[in-house]
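As annotated by TrEMBL, compositional bias 'Basic and acidic residues' applies to 535-544, 660-675. Residues or ranges marked as compositional bias 'Basic residues' by TrEMBL: 676-700. Under the heading domain 'Nucleolar protein 10-like N-terminal', TrEMBL lists 34-376. The annotation domain 'Nucleolar protein 10-like second' is assigned in TrEMBL to 381-429. Annotated domain 'NUC153' per TrEMBL: 494-520, in sequence order. The annotation region 'Disordered' is assigned in TrEMBL to 535-573, 656-700.
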Amino acid sequence: MDGHRRLLSFAPSVPLRPCETGYCQPPPCGAWLPWLSDRKKRALQKKDVDVRRRIELIQDFEMPTVCTTIKVSKDGQYILATGTYKPRVRCYDTYQLSLKFERCLDSEVVTFETLSDDYSKIVFLHNDRYIEFHSQSGFYYKTRIPKFGRDFSYHYPSCDLYFVGASSEVYRLNLEQGRYLNPLQTDAAENNVCDINSVHGLFATGTVEGRVECWDPRVRSRVGLLDCALSSVTADSEVNSLPTISALKFNGALTMAVGTSTGQVLLYDLRSDKPLLVKDHQYGLPIKSVHFQDSLDLILSADSRIIKMWNKNSGKIFTSLEPEHDINDVCLYPNSGMLLTANETPKMGIYYIPVLGPAPRWCSFLDNLTEELEENPESTVYDDYKFVTKKDLENLGLTHLIGSPFLRAYMHGFFMDIRLYHKVKLMVNPFAYEEYRKDKIRQKIEETRAQRVQLKKLPKVNKELALKLIEEEEEKQKSTWKKKAKSLPNILTDDRFKVMFENPDFQVDEESEEFRLLNPLVSKISEKRKKKLRLLEQQEHPDKEEEEEPEGRPSDAESSESSDDEKGWVEEVRKQRRLLQQEERAKRQERLREDQQTVLRPQFYEIKAGEEFRSFSDSATKQKLMNKTLEDRLKLEAKNGTLNVSDTTVGSKQLTFTLKRSEQQKKQQEAEKMHRQERKALRRPAGHLKSRRKRGRPFP
């Protein structure tokens, strides 16, 4: 991180601490520790000169328990913050660097807005549906809205306050007439946030369905609708629930940023319904606030865990801040590089990033301090405390102290008393100094050994292959032919083939069929390579060759030797193939012998209750039928006559199914049919006689 992106953090009774991107460095010697009480801090100020020189930017810049919202007046002179407990609002005068006034309220504040340039006109929205107006002297008026409110905006041209909340209606309160106007009816069940564009006065509200509705206050009609929930889902994001709108902010006439409850920030151009950019915080937490930084084209988006600053054109991260406690609200001091945060802690955070802009006029000395910090970086050493990680605690056997007063959690480890650390270290390893002395002696010996000739150690895997490569490399180095040839990379020193000599899975299996058939070829190639190297050496030294020719073999013997080698290689391959065939034949006979000795035992199958066993072929047919698709089964049923498809008069389809009957049911049905025929045959003669008697005909 360069000097221009250094960040300064201030808080009441907290020293000026340089830190990198959201990860604060430890303070200097004898500096502030995060768990010290106010009494210990005052006692430390009497003893330590550095503590007395510490900067307290704004006096009593804190709340009794929690700070919920924080804002800066339009003239930049006053900082207003609300918190609990009890519910109250505090106003700080930046020109005096102290608290100006404090007012207690009846209920907690959801949000507030300053209507004037200073603190003389303030509107508070409470969590019990009340709207409270304050003037310069104090409480002025209180009214109530029909539903619980969640956010509001002020429209300066018409003096209207727009309230959104747990209702589909947007309530309008006109401050000039002093009465409510007809509300705006939205299509949403509830509305979470709202904002008004300061350039053309467009009113936008974010709904729980993940949509943004834009209204024109002049005609009181909706002019646009954006489906942000659908646009926030990308290929890389994982969304488990419906994204709702949790933050909304305009910038200029055409730009709007929308934050969702699933941690995405969408950047829109009002002329398009597709987002220009979708930025994911990767935490899955609702976006609390969104701010624009125009000088560097940055967007500051914050959830409860982190504040991210990123470029609005490319989405590239500029820097990020991760406070120790959860974030409730973020305020960017206008025209400066200062950030104010409301956290889930009594302390309200102040951060200064010089690259974002200059320091405010009331603390212009910060610019000089940052330059001095860059020129004279201070050491980060603790005198009385030792920083240890969890792994260090496991080595010392002190994991049972986690959560006790002996260990203080900080960043990725713990602080413990340096005296306790030295005492435990001595008990765990009383011979630490002797080991340290032996390590130093061993390092000195290894440094002296490095000047000697190093023996090459063979790897644990593929030793023969490594030895072969080493011999080939040595032969190349010995030969003068290497100077003319191009230098090729060595497999042993190449990281791409490092695993081949380390992982046992890459061990060459010399008993495999492929290796036994190719081994003669590989050995032959290596011999040819050696002969070629010797031949090239002889060509470069013809004098030696002429002198040594009579004593050695004639040159014609070389060709005869090569032909003999080829014949020998062919014979070796044939021999290996015959051996492989014999081994395969022996394995086949062994398997046949095992099969003959195996005693076949009958297999029993369990039939489920309610099923009738007919044959194995019937079960196979039933299994094949179950594996077919629904379409194929329907076609087969229609072919067998158990399914009938017909068209109705209204154009729909009608399916008629005939249930299959078992063999027993079929026999019973046939017996019933035969019985009905017999009874019908017996009743027919009696009926025939009665009909002839009625007609007056004689009997035959």
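Yeah, the Cβs are placed from backbone N, Cα and C, and that goes for glycine too.
A TrEMBL annotation is a machine prediction, not a hand-curated record.
Broken down with DSSP, the domain 'NUC153' (494-520) shows 18 helix, 0 strand, 9 coil. Within the chain, the domain 'NUC153' (494-520) has long-range Cβ neighbours (under 8 A, six or more residues past its boundaries) at 459-462, 464-466, 569, 572-573, 576-577, 579-580. The domain 'Nucleolar protein 10-like second' (381-429): residue composition by secondary structure is 21 helix, 12 strand, 16 coil, according to DSSP.
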